[in-house]
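For reference, Swiss-Prot has these:
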type	residues	note
BINDING	9, 10, 11, 12, 52, 56, 159, 165, 168	ATP binding site
BINDING	51, 71, 132, 133, 134, 135, 136, 137, 138, 139	UMP binding site
């Protein structure tokens, strides 16, 4: 099954590559090239990008910042990533619009649902920055929210690992990978793939979640084509 309208969730860490901080232009270019192949097949693609490669609100809060303030700083970090991703996409010929939940009219469009959907219908990629515009909500929750709003058929969470495991595969050799699992299993077992609000939103709106490795070339195209390359939550 090939999906026709997809919400791709990119973590900020995915844009770091092997760097300890910031944005790796080579990784952005690689992601942009993969996305260009997907859009070239008449797939409508929206992207929500995180900001953890620059600033993470929870970490700032743990270090003594006011939580709401820290989250707003994190939202600004996601806008930096969104603009960088737009640049990479446009350099490979993909028409792209950035929409932000917090208005920044000099650098991006404000988030307007109908305008976003119109961009998708015209074959443009829409990158959502600024989270959902409110503190205390993760960019995973933003991805679930935007997916429901634009009627996406699936949320694709691109990560550093090749699926969902019962424990950290980088720390435990006997970690078990799930091919398919239910929303309820993720919630009940507190599997750390997305926060519970994001999972519940997808569950309530019957939006499946595919988790896969972003660093393997061509995986975005394979995921959109419905290939079993990671883990599917439904």
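Glycine residues also receive a Cβ, built from the backbone N, Cα and C atoms like all the rest.
Keep in mind that this is a model prediction, so the values were computed, not measured.
Residue 132 (UMP binding site) sits 20 Å from residue 159 (ATP binding site), counting Cα to Cα. Fewest Cβ neighbours within 10 Å among the binding-site residues 51, 52: this applies to 52. A separation of roughly 22 Å, to the nearest angstrom, links the Cα atoms of residue 51 (UMP binding site) and residue 168 (ATP binding site). Sequence-distant contacts (6 or more apart, same chain, Cβ under 8 Å) of residue 136 (UMP binding site) comprise 67, 68, 71. In this record, ATP is bound by 9, 10, 11, 12, 52, 56, 159, 165, 168; the longest C-alpha to C-alpha distance in that set is 23 Å. When the alpha carbons of residue 138 (UMP binding site) and residue 11 (ATP binding site) are compared, the span between them is 11 angstrom.
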